[in-house]
């Protein structure tokens, strides 16, 4: 028996929330991938716990999209089992998102420490590893920075005396970093700039996760109302 009366309004509101979930899922996946790429470029130790955060964000985003699809099918067909599955999975996602938000706060200082350590290690490999050089050059251009703490870090690198990578220059040209003038290069260090960028994104994700969690709780309540209505319809039949 099809749901009637107020339950039609519940279904419409649930459809709207499902669209919101899909949009949030795509957003979480996008932010998670971006954070993962930055971490992958700057931290070489894959076992570091800071790598877990973007993986969790991407996984939650993908799972949320799948759950939203299940919820849409369940609401369209007024299927009791699908709606129960939707409510349970949505509850699990809510718990994971809250845990991810807490993890992002807890590991914020650990991420910066690993950045500093690994960035300096990659600077040592800059003159002898073309792949490392490409990665650091791209990072320095993107974040408009130079060195780990500042541009003077390059003085400690063999073969880099009296010069910095061309990617440190405000206007990048061939050999612009040789016998440079300080006003012509970016003097701020990359570690702090990247750490600030990550902190901002982690805080955005954490706030978004908590906001989405609130909406998801509403979705769980609506799903339970619809389940109750569907079950009542079955009992009448």
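Every residue, even glycine, has its Cβ placed from backbone N, Cα and C.
Among the ranges 176-201, 202-227, the stretch that TrEMBL annotates as transmembrane segment is 202-227. The C-beta environment of residue 176 (disulfide bond), restricted to residues of the same chain at least 6 apart in sequence and closer than 8 Å, consists of 166, 169, 184.
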